[in-house]
Amino acid sequence: MSSTEQGTSSAAPAEPTTAPESAAAPEVPESFYYVHGKDKVVHKVSAGALQHSALIHGMISNLGYTEEQAKANPFPFENIDGDILQMVVDWCNQHKGKPTPPEDTNLPKQKEKLFDLVLAVNYLEIKELLTYCCKQVAMMVKGKSPEEIREIWMIPTDAEDEAAEKEAKKRAGKEAAGETAAAAGDAK
Amino acid sequence: MHYFLLLNLKFQKTLYQKMVSWSQFPPEIKQKIAENYDFMSRVSMRNTCHVDRQIVDSTKFRIPRVRFGYKEDKCLICIYTGIEKFLRLEIKKCGKGVVVYKSENNFDTSRIPRKFIPSENLLNFGLSILKSLLIHDWIQINAIEWDLDEFLLKDSKNSENFLKIFQKIFGFQKFHVKEMVSTPRSQETYQFFNRFFIDFSHFDELECMRDIFVHTKIDNLYPVIAYDMDVPFCGKSNYHTHLCTVADEEFRTRRRWDYELIHVINGVNYHAIDSGTFRDISEIPIQNPEPRKRTWDMTDVIWEYSCKCGKWSHEMPTSKERALRQKFHTQKCGIGFLCKEHADPFDYWYYQNLPRRLIQEPFWCGMFQGDVVEFGLKLLENYDEQAKREIQNQNPMSSFSWGFKPGEDVHITEKAGIRISRKSNFQNFLKILKFLCFFIFTPILISLISYSLFLAT
């Protein structure tokens, strides 16, 4: 078992973020799954909420994962920051079984968080949330000049890009020359 | 579990190593984001770097309507991006240059900042902006409206020169446009406009051509009657559209007169006229689901229809009845752009507000008949202050597009989108002062500290 699993399984029963159970179908008890991010904090999410994520939904249906197995082995998303995963889980819980509204105003306004969220949501394949996030990112450039966008989003100019590429090529060439020289020395 | 480990590994490889930089975003996400940019954000984004230019160019952008006007040393470019949303550039000749007025969702040029740009030729300048902003493969325009100086076009030599200027500026580039619209075409300008429409649009994408006449009266500023006559040209629908804000008998009888007028203007065979459609929302019709047929002069057939939206009728030559009837019979609502329920929301808004142009932009009212300035002033007198403000769109804006912020010093060059920001002299002076302070006072401070240390020891 990997270190990740050990970490998560120990944390699993300790601090789950609960999701309200569906009131619409009380006779069928809803199953729950567990996910954790970089911070190893386990989040308890209902199957209904997880349906938003095509990736997790696919995993569950393909692997025939039972609730017990899920509790013992939460889905590890090692490269998603804990707070970002929390945001995603909250969103999935909020929009469980509901039609998604045309706009979502609760998305983060800070660039770093929003960019992280976009990448996480893209990976988890949550189509609706990705649409909102993309709209929010697009809104960030409204009224901005190319210079301002370059500054905010750290976009290098074409000249800077070319210079960096040339330098990388030079460095690669030097390294290759060094390696061949070392190989020749070894052969001698 | 092995499956998860593999997935996680893939995730680590492909996803972020703590990446928050835009440049590291995968192109498919950038494309998805680009689909949500507004028009000027796209223009701005295209100028950041060539990768982002390619990303923006790979996504389509639809513009519902564009207006270009040129007359009496004035030029107008108005880009409608949605209902109540438009970017407006008015360029006026001034000495050895031009003055550009830019506004967003506002027609009033008296309150917006102006900018002088040295340029020899007003038309060339206006067309260059139009080209750089709108002739791209990623832009699809629903309709372009041309309000050109009829006086210039009347002379065949002038109209040839006009075409040459357009060809010189646009080169081989053409608009991706569905509908080309003009101010009323007269006998002299009919051929010019038809040639112009075909020359400067991608022919396979062009669906129809149209000229619009607006008949309005002080009593009402919303069109209630419309009449379209289709005289196909080069296999494309070619409409002569009349809008009337008052349902009077004069307009209704005028249709027949138009039929004959077009016959004379075009110099075409009477049978070139395909059909005419009359639309009326002035009164709630007695709903009669059964279409009614009438004949007119033995040469024309009229099919009358009605639904809860209004009533409409199609006139056609008897010879074409069989072919066209099938097409018209299948329509659920034939009210077209007058119908709030079935028309495209932008088209409905646009045509409903068209007569208001008399108040908003009396100079650019080529579609209206008679002395429009005087008529517009008369109309304006009839409205109270609040209604006037509403009509002239002087409502405050919360956020402006790039290049359209009031007070922003932006110069749209011939390669529109390249911004030349000019810092004020005062800002430069402050920079120099800071620089001097640093280099004069820092050594003095250091020497004072060292001297005090020396005294202490």
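Cβ atoms here come from the backbone N, Cα and C positions, even for glycine.
Look at TrEMBL and you will find A:1-25 (among others) tagged as region 'Disordered'.
If you look up TrEMBL, you'll see A:8-25 (among others) marked as compositional bias 'Low complexity'.
The domain 'SKP1 component POZ' feature in TrEMBL is assigned to A:38-96. Looking at the domain 'SKP1 component POZ' (A:38-96) alone, the prediction's average pLDDT is 84.
What TrEMBL lists as domain 'SKP1 component dimerisation' is A:127-170. Residues 52, 54, 88, 91, 95, 100, 103-104, 107, 111, 114-115, 117-118, 121 of the same chain, all 6+ positions outside the domain 'SKP1 component dimerisation' (A:127-170), place their C-beta atoms under 8 angstroms from a C-beta of that stretch.
As annotated by TrEMBL, region 'Disordered' applies to A:160-188 (among others).
The compositional bias 'Basic and acidic residues' annotation in TrEMBL covers A:165-177. Under DSSP, the residues of the compositional bias 'Basic and acidic residues' (A:165-177) split into helix, strand and coil as follows: 13 helix, 0 strand, 0 coil.
Residues or ranges marked as compositional bias 'Low complexity' by TrEMBL: A:178-188 (among others).
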For the compositional bias 'Low complexity' (A:178-188), residues assigned helix / strand / coil by DSSP: 10 helix, 0 strand, 1 coil
